[in-house]
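Below is one structure, written out as structure tokens; the observations come after it.
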Amino acid sequence: QRRVYRTTTHVPQELGQIMDSETFEKSRLYQLDKSTFSFWSGLYSEVEGTMILLCGGIPFLWKLSGQISGHAGFGQEYEIVQSLIFLLLATLFSAVTGLPWSLYNTFVIEEKHGFNQQTLGFFFKDAVKKFVVTQCILLPVTSLLLYIIKIGGDYFFIYAWLFTLVVTLVLVTIYADYIAPLFDKFTPLPEGELKQQIETMAKSIDFPLTKVYVVEGSKRSSHSNAYFYGFFKNKRIVLFDTLLEDYSALNKEPAEGEDGDNEETKSKTKNKKQGCKNEEVLAVLGHELGHWKLGHTVKNIIISQMNSFLCFFLFAVLIGRKELFTAFGFYDTQPTLIGLMIIFQFIFSPYNEVLSFCLTVLSRRFEFQADAFAKELGKAKDLYSALIKLNKDNLGFPVSDWIFSMWHYSHPPLLERLQALKDAKQE
């Protein structure tokens, strides 16, 4: 794929009508930089993980966690307390070692190519907030999961699976209402033509829409997105302001007298006239609603839960194997949390790669089906132009190595999606 980025320096003939040479070159350089970053960060991750295993980092951290819990008055019998301290230390270590990479990605690569909208102060405040919120969710959930495994008897894997299912459904339900607003500002889409058109389209396919929000994504990045969430009769649609040409702060000049140096409100205007027109936004939403109408969301949940159940069942089969713990430096103890880490993170690694590939293939199939659904709604022409605009706004590179694309791309390449829409567009 890197060879494709390096050698494809001119717009291919089939792209001549949809992409100018300047945008093509910008996207090529952006993806080349991202590819280089991905290689080095991935290599560092592999080296770090290997050194932790070779140097006994996991048993060392477990022993340190035991010493800390002992000083706090909790003996060895309080395994769950020790597990939570271990988890806190492990995630803190991961956050600290990952920070330089995140900083480089945000303030060098994304900044260089005009996507970063964050200040350094905003970045660090955001990182601390994410860490705290993650711990507030992760630690209680883990403690309850470990307790269920301890008291569950021979069929603990069923109870553990049911518990994770409930937690997943709860988090999906509350995320956009209670968690996401901690990081981004959500405001109802103002009354007007766009809102009326969205409500009309939702009603035409029996989508139980209750609210439409605009999220202030431009404060963080100029990348754009849209999604829906909610269960049963309580669905909400969320549009990034960067998706909407009429609402994106990146398309607006600062008001006269406004302090352009304010760290929290600083707005950079590198990408003028970003986003889509109302008709194109509706086409994008037609695609997203197609996922709902065709049952893609439910199918993904079912596949995920079937996989989760299988993993817990295999965990129950393997957890008693002492040699697994011995191989990772645990000669005298077999902590449940360590067993979860060994089996889910290492033993299942080859299986997870195969599963990921299968889900990627399925995702591409779902994307084509959602495009076809938008086409049936009469949105082919607008979706065609929206895909081109979004590719340009996000500097997506439309040429890819077929093996790389097959393995990594959860969405079909741009040209394949446009070709599928082309006939209807011409009609």
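Note: Cβ is positioned from N, Cα and C throughout, glycine not excepted.
The active site annotation in TrEMBL covers Glu288. For Glu288 (active site), the Cβ neighbour count at a 10 Å cut-off comes to 19, with all displayed protein chains included.
Here TrEMBL flags Asp371 as active site, proton donor. Its own atom aside, the Cβ of Asp371 (active site, proton donor) has 26 Cβ atoms within 10 angstroms in the protein chains shown.
Listed in sequence order, Ser410, His411, Pro412, Arg417 are the same-chain residues at least 6 apart in sequence whose CB falls under 8 Å from the CB of Glu367 (Zn(2+) binding site). Annotated Zn(2+) binding site per TrEMBL: His287, His291, Glu367, in sequence order.
Mean predicted confidence for the domain 'CAAX prenyl protease 1 N-terminal' (1-185): the pLDDT average there is 92. According to TrEMBL, the domain 'CAAX prenyl protease 1 N-terminal' annotation covers 1-185.
The annotation region 'Disordered' is assigned in TrEMBL to 254-273.
Annotated transmembrane segment per TrEMBL: 80-104 (among others), in sequence order.
Listed by sequence, the residues of this chain that lie at least six past the ends of the transmembrane segment (131-149) yet keep a Cβ under 8 A from its Cβ atoms are 79-80, 83-84, 87-88, 91-92, 95, 156, 159-160, 163-164, 167, 171, 179, 182, 336-337. What TrEMBL lists as transmembrane segment is 131-149 (among others).
The transmembrane segment annotation in TrEMBL covers 155-176 (among others). Long-range contacts of the transmembrane segment (155-176) within its own chain (CB-CB distance under 8 A, at least 6 residues past either end) are made by residues 137, 141, 144-145, 148-149, 186, 213, 229-231, 236, 238, 304-305, 308-309, 312-313, 315-316.
Summarising the annotation, TrEMBL assigns transmembrane segment to 309-331 (among others). Note on the transmembrane segment (309-331): residues 53, 56, 58-59, 62, 156-158, 160-161, 164, 338-340, 342-344, 347-348 of its chain, located 6 or more positions outside it, place their CB under 8 angstroms from a CB of the stretch.
What TrEMBL records for 337-362 (among others) is transmembrane segment.
Long-range contacts of the transmembrane segment (337-362) within the same chain, counting only residues at least 6 positions beyond its ends with a Cβ under 8 Å from a Cβ of the stretch, are 58, 62, 83, 86-87, 142, 146, 303, 307, 311, 314-315, 318-319, 324-325, 328, 330, 406-410.
In terms of local Cβ density within 10 Å, His287 ranks first among the binding-site residues His287, His291.
With Asp371 (active site, proton donor) as the anchor, the candidate recorded positions are His287, Glu288, His291, and the one with the nearest CA is His287.
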